[in-house]
Number of protein chains: 4
Amino acid sequence: MSLETTARLLITCPDKPGIVAAVTGFLYSHNVNINTLDQHSSDPEGGNFFMRLEFQTPHLDISKPALEKAFGEVVAPRFDMHWRIHYAWERKKMAILVSRWDHCLLELLWRWSRGELHCDISMVISNHPDLREAVESFGVPFHHIPIIKENRHEADQAMLKLLDGQADFVVLARYMQILPKEFVAPYSRRIINIHHSFLPAFIGADPYRQAYERGVKIIGATAHYVTEELDAGPIIEQDVARVSHRYNIEALKDLGRDLERQVLARAVRCHVDDRIIVDGNKTVVF
Amino acid sequence: MSLETTARLLITCPDKPGIVAAVTGFLYSHNVNINTLDQHSSDPEGGNFFMRLEFQTPHLDISKPALEKAFGEVVAPRFDMHWRIHYAWERKKMAILVSRWDHCLLELLWRWSRGELHCDISMVISNHPDLREAVESFGVPFHHIPIIKENRHEADQAMLKLLDGQADFVVLARYMQILPKEFVAPYSRRIINIHHSFLPAFIGADPYRQAYERGVKIIGATAHYVTEELDAGPIIEQDVARVSHRYNIEALKDLGRDLERQVLARAVRCHVDDRIIVDGNKTVVF
Amino acid sequence: MSLETTARLLITCPDKPGIVAAVTGFLYSHNVNINTLDQHSSDPEGGNFFMRLEFQTPHLDISKPALEKAFGEVVAPRFDMHWRIHYAWERKKMAILVSRWDHCLLELLWRWSRGELHCDISMVISNHPDLREAVESFGVPFHHIPIIKENRHEADQAMLKLLDGQADFVVLARYMQILPKEFVAPYSRRIINIHHSFLPAFIGADPYRQAYERGVKIIGATAHYVTEELDAGPIIEQDVARVSHRYNIEALKDLGRDLERQVLARAVRCHVDDRIIVDGNKTVVF
Amino acid sequence: MSLETTARLLITCPDKPGIVAAVTGFLYSHNVNINTLDQHSSDPEGGNFFMRLEFQTPHLDISKPALEKAFGEVVAPRFDMHWRIHYAWERKKMAILVSRWDHCLLELLWRWSRGELHCDISMVISNHPDLREAVESFGVPFHHIPIIKENRHEADQAMLKLLDGQADFVVLARYMQILPKEFVAPYSRRIINIHHSFLPAFIGADPYRQAYERGVKIIGATAHYVTEELDAGPIIEQDVARVSHRYNIEALKDLGRDLERQVLARAVRCHVDDRIIVDGNKTVVF
């Protein structure tokens, strides 16, 4: 199953009988070999239907544009589908925004450099200069765009300009600035943030302090798509670790860093591999 | 999705293109509504293909026997399928074998009595009389068949006679006797055992003592189908818990009991819901 | 280490040098054998110090009252200690309040009946009559005190009267009524509730629905001491389980019940074994 | 609690009354402030007693050598103690042996470079040249010592020579050669290996393949001290991750790498912080 011949079809539509038969029959008729099929119905009566197919195209009997055209004309309208085919060999461009903490950034760079993330990293942008050397040692361009109260708007515009055409999606790898609406809107469902708590607990600033003060026995980390509302977007992945009264805030942060790295890396991998379908404010992760 | 109209089709066959299209197309043509479809290929090139479909039959356009006949004649031979349709309203009969420890037995009886296990419990058999009252309070027949060295064969025969026609599957809920080949054979892939270790570690007797002496930092429990080789059958479910040097053998057993209960209950539920396909010495659990 | 000779000394005091030496020296001088010692300092500079010692009294050279008197006069004042000695053979009396869900109640009764909880259960009180038979089969008195809007005050008073002198602590095993201030106050730090979410997420009613609607990937349960503020008391124990988009609300509740049972049972066991020291709105659990 | 003033006393001795009182009384008399005390008894009747104290020395009333001398003459003999005081400011020298896989190595270098491991890394030795650049970019010396069948003895001797005086402990970060007895002996209880399975399951070569073939539902990783017997030394730390039939061997290895990194890093941190006391073939990890 080479990435060079792997395509993924993502579908969302109202649930009704016959969808799987129609889609798989269509693909089979074009000599496509399905290697993974996942489907989910939020409710068989009046709910939404979600499907992800991963298939191989070496024996496809028509061109890819012709396949997409045929699917769009023959199958999709019958079921009122939102759909898209992603080709694994069209590597997504990822841009990473980061502030001073390097652990999430390095985890992504490291996994990427060893081939675990099948995407390109077009750039890293930071509001601090500290991580330039670490980033450039991976052969990735680094841009320092300082942010102060007075230049916030200009800084955001400068970032948007850098990203323009160079980012299929954006990862906030512990980026400690809040992105304005005009930044989020064009990248809707394409900005992934790591929040250092088990959302929806401890929204906002300094969640480890909040966790410490509440005296929880488990801490967590949450990767989610960014929406206009702070820390409220669709959750992609979460994980937790057990703590006790022995953990002061520094110890929570230490342990939490390991969670953040793992959770963000898994979420990014799911996004890169086209495993996520957003369903309102929730995600279906196949 | 009432159990009264729910059916499940389990398929194993060599992987090749067109299986999903053929199966779903067939079912759709008979007005069957698929509500869950899971499939797995051990290897797209020359591997085995496994599929589980859960579907609803209220609008089926032919009788169930006719559906099975048609599937067996039209679809199955094309792909050299092993297949079977289970109807959820044909409740499986479960028999439980137990010795003295009651925790796994009670967990099953309890979940069953509150409707979490969609099966009937036809009997509990024990080589000790101790648990009669507990079992009968759930309205379940209890049979005491003592086992001593001299009567082992007679005891096994007596159990087989009790089970005959009364057990679609057998659960060993901490049954501390080894079942002979002539007992296991007729219930191939239909006897579920709970072993109180993380198999394949600590096969055989007194696994908590073995775990204690090895100084592991995590203990486990394993539910598996019984084969002739001790503790070597296909694993259905496992779970683990963290321990430390502070756990003596009694403490390991205490904690382990909670694991055993959960793991066995989950495995039994998967079996009852027709979620398990055995693949050689492994399981596919959808 | 028989429970008949086991005592536990719990201490809270400002941290300063010499506490451990003074306490262990005192106990040693009276022929007490310490078998467990746990200590914790919230901050060596100006923080609080917490200690739990479990010791054996068979060779104690004075009477227990004399030991307590001497400790209170000789050691405690030097360090401004809050302290208490619990004797394991003075079994605590537990009262359980429950509504209709039986899983937490049965888990406690069951563990208690097999000797895992070293306490007495003096009664179960419910605002519904449904669970009488289940409770009485364990030999535990059951009281049905219906609650309607108009009699809420009388009902609470009736419960308080039943509990009077008969309950060292109270467990809310999915008791779906909010207890008024005059109920909580006399049992300060002695009422344990199980909340069916990972607090502080999803405070209040129907947390599984809240979790479903937020689209979390992990659910949890929390045992805590009850305070006047809803679901805001000191957390004793939490646990979590991984879920996915495939879990509807019913499936979350099913899985959650297993969490609730385990978490509440562990919290009650810690309370019974005098392992918990409350520190403001947090707990130290040794 | 600066590392500059932090010392740790580790004690093993036969359990008998009065140990804690004697040790803490001694330290208190010399103006030492204990900030952590952990103790464990394998059996109060005839078992072994283990204790770890972390204390602060700024107000120590005598020199450190004098303190050690006094403890060795006054306290230790009374209880037949094995004991040692470690001073946190005497940073241990760690040498890392690695083959081709870089993930465990990089995890250690990375945590070390950000100050999470309070030790020095004196060198990395590999039987392959591939990782030189990665290692040297952290400012750590890299030695390539090729191993072929014919030079195995010479290679081991060359490594021992490099390590001589330069390594307080050795970490095998996926080092795929078996160390001979003459290598292991001088570093008894000071060589930490990461084994890529949940020991004692899947000892020896290719444990992920073994796990795949056994069809386990959970995989693990184990950090342990190396002894002469392969994969049989005292276990320091383990962790696990849930898998399913969907994981082929490559996917197990992918997931396993994340486990290996975390488990090895935690074990090394415990060793560096003097948290481990070896007890026969087991560990006490405070």
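Using the three backbone atoms N, Cα and C, a Cβ is placed for every residue, glycine included.
Owing to the predicted nature of the structure, the values given are computational and were not obtained by experimental measurement.
Marked as domain 'ACT' by TrEMBL: B:8-81.
Marked as active site by TrEMBL: B:ASP231. Sequence-distant neighbours of B:ASP231 (active site): residues of the same chain at least 6 apart with a C-beta under 8 Å from its C-beta are B:ASN193, B:HIS195, B:LEU199, B:PRO200, B:ILE203, B:GLY204, B:THR222, B:HIS224.
Per DSSP, the secondary structure of the domain 'ACT' (B:8-81) breaks down as 27 helix, 25 strand, 22 coil. Taken as a whole, the domain 'ACT' (B:8-81) shows an average pLDDT of 94 in this prediction. Mapped onto three states, the DSSP output places B:ASP231 (active site) in coil.
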